Amino acid sequence: MAVGGFGGVDGPVSSFNGKITASVVITCIVAASSGLIFGYDIGISGGVTTMQPFLQKFFPSVLRKAAEAKTNIYCVYDSQVLTSFTSSLYIAGLAASLVASRLSAAIGRRNTMVLGGLTFLAGAAINGGAANVAMLIFGRILLGFGVGFTNQATPVYLSEVAPPRWRGAFNTGFQFFIGIGVVAANCINYGTAKRSWGWRLSLGLAVVPAAIMTIGALLISDTPSSLIERGKVEQARHSLRKVRGKDCDVEAELAELKKASDVANEAKREPFVTIFERQYRPHLVMSIAIPFFQQLTGINIIAFYAPVLFQSVGFGNDSALIAAIILGLVNLASILVSTGVVDRFGRRFLFLEGGIQMFVCQVCFCSCYIPIRRSYTHCQGRTKESQGLGPQGRGGSSASSYNRGFRHKGNQQRLRHTGTGSNVHLRSWVWLVLGSSQLAHSK
């Protein structure tokens, strides 16, 4: 699944070839583990909404419709309250993305990840112990704020810490952990689906990836760029020496980072205004167009509602959950392929390959789906419009890496937060629209 965005760039320090040290690997793994919370939520929510004990407690109307639906299971999920449960996370993520870039600049990337982890932890605990729909939605809102903060801060952190030569591979670590979270959540759903308390365990176990990420973030230092931006030069020198290796001379790179920060501070211009300048227009267009069209393919909706979608085409409950696990494993495998080739062949190559693959697969999907769809009738005689969903291939990881491949001059430090914040905000908005329409159908 493609998340993340515009934040990481090959900035002015790209000429310094830092080595891959044990410290930088561990630091990037810990930071990338932020993807666990997003991936877990993607995988868990769709499965939970198919569990009968969960629906019986919070959404009994859905079960009543299930008993009445004779031709199309889509009629079952025509529930605005259930839609609110799933979409509230993205409404909160949408709001969080508006302030996440400023927050990341003010308190640092690491602290923003810690804040996101703690917020997600609280939301997971509330959802696991929910006694009514209000608690569920409140917990989901907290989860959304956590996801919004970490999705903005983590890609920037990875880009600023990773050695320039291997930046693409390190950036896909975030995608990799999202994939792990999705697969783990689908497996948990499958194991708890038949238990009356299974939904509580599925929702409550989100505290585990949140705790792992939060504790890990507390143990790593902030990025040199972030520390310099906040006037902590000595800490930045120590952080840079730690990730580049004790034997590496970091003074030249540190001086370049200070110079870039000084240029940004001297400009004293609002980054949300600066990013609209002509010289940054290509970066702005790509940071919007790439995630927008990638999200419109519907891959994240497939991942989120995989069990529901598989049930809607005739799979049994267990079969739908197993199919969701297989889907997650395929996505995880594609991320591994991307990690291995992104720095060798480049972002553009993967972007084109993924786009062609997605186009071919969606044409094949539509060719098979349209004849089948004609054999079904929608509830009350109306047919459901196709959502235009399709497989992701390897385009998602390359899209995020592609967005992180641009160079900036002058206002790089400030625009890094602004670009990533805009990217996450756009993704949350598209998720909200597509996610709401997926469950809210015509009556």
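Cβ atoms here come from the backbone N, Cα and C positions, even for glycine.
Curation does not apply to TrEMBL; its annotations are automatic.
The annotation transmembrane segment is assigned in TrEMBL to 20-40, 81-100, 112-131, 137-158, 170-191, 197-220, 284-308, 320-342. What TrEMBL lists as domain 'Major facilitator superfamily (MFS) profile' is 27-443. The region 'Disordered' annotation in TrEMBL covers 382-419. The compositional bias 'Basic residues' annotation in TrEMBL covers 405-417.
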Intrachain neighbours beyond the transmembrane segment (112-131), with Cβ under 8 angstroms and 6 or more residues off its ends: 31, 34, 37, 58, 100, 103-104, 138-150, 152-154, 157, 200-201, 203-207, 210-211, 213-214, 217-218
Leading stretch by Cβ pairs under 8 Å, where the reference is the transmembrane segment (197-220) and the options are 20-40, 170-191, 284-308, 320-342: 20-40
Overall pLDDT for the domain 'Major facilitator superfamily (MFS) profile' (27-443), taken as the rounded mean: 76
